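Undergrad: Below, the features straight out of TrEMBL:
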TRANSMEM  53-72  transmembrane segment
TRANSMEM  84-103  transmembrane segment
TRANSMEM  115-134  transmembrane segment
TRANSMEM  146-169  transmembrane segment
TRANSMEM  189-206  transmembrane segment
TRANSMEM  218-240  transmembrane segment
TRANSMEM  252-273  transmembrane segment
TRANSMEM  285-301  transmembrane segment
TRANSMEM  307-325  transmembrane segment
């Protein structure tokens, strides 16, 4: 049957209106990620300049975050949550606490750029699940994606995103010496990579426990509260015997921005993006948004930054994620 011109116009009009409706959501997604990444850079500068404890900083941010989540979501109201939902969410709190600590230490040791890109190592779980659970179609494609992801992390660990260590730019010796005090070891990349895998694991558990958005938000409040309780003894231990010179982590902007944008706002933004825009965290589209925000922050904070090196690393990482998650995306 032939399609009439009127039908073509209707289809085009409906697709245009759908795109128009999605545009504000895409802007919110971009702003949310920009604010979250800004909070990471402010946290990095505060931790590196003050020498404050990562555990204490994360704990002091999780306390108000858990209170705000509980006030916003009120998990005790409405239909009672079952033990099959609450118990995994509390266990997920332990994983969340370990994620925040390892990620915070990764930010402090590797810098915000490497730590943020290392979060996308969660895509490695897709390859592992394909091998372990027998979805062996396109296994070579997934293996190629895995190698590309590992290759991009190798380039990151070699400092290719920094102007002083990118091999294809000519810097004079004085500039290189000026940055020589910022020693970075490749093995430090393991900490944020582990954090990225833990982050993906907590998202997987969240999806398995509840597919309904409203319940997911209630369970997130329980998860963050559980993470806070789990970190309490570690934070107290760190405060009492952790170091001789304890700096209490209450820098106004670093503290408030990480609470509001690094934990709370980004949760709602990512939930909205996943539900309405179908943009999941470990995806090339999400990486593009994060990459644009990183470029803005690197310029704003006048970091040691190589744009060609960053473009190369993110392109390889994006290709690896695309290949490694191809089956999940098709599904």
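Placed from the backbone N, Cα and C atoms, the Cβ positions cover glycine too.
Automatic, uncurated: that is what TrEMBL annotation is.
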Undergrad: Hey, does the transmembrane segment (189-206) touch the transmembrane segment (307-325), meaning at least 3 C-beta pairs closer than 8 angstroms, sequence gap 6 or more?
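TA: Contact criterion not met.
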Undergrad: Determine which recorded stretch among 53-72, 84-103, 189-206, 218-240 has the most C-beta pairs below 8 angstroms with the transmembrane segment (252-273).
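TA: It is 53-72 that shares the most Cβ pairs under 8 Å with the transmembrane segment (252-273).
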Undergrad: Which residues, given as numbers and ranges, are at least 6 beyond the ends of the transmembrane segment (84-103) yet have a Cβ under 8 Å from it?
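TA: 54-55, 58, 62, 115, 119, 191-192, 194-196, 198-199, 201-202, 205-206, 208-210, 215, 219-220, 222-231, 234.
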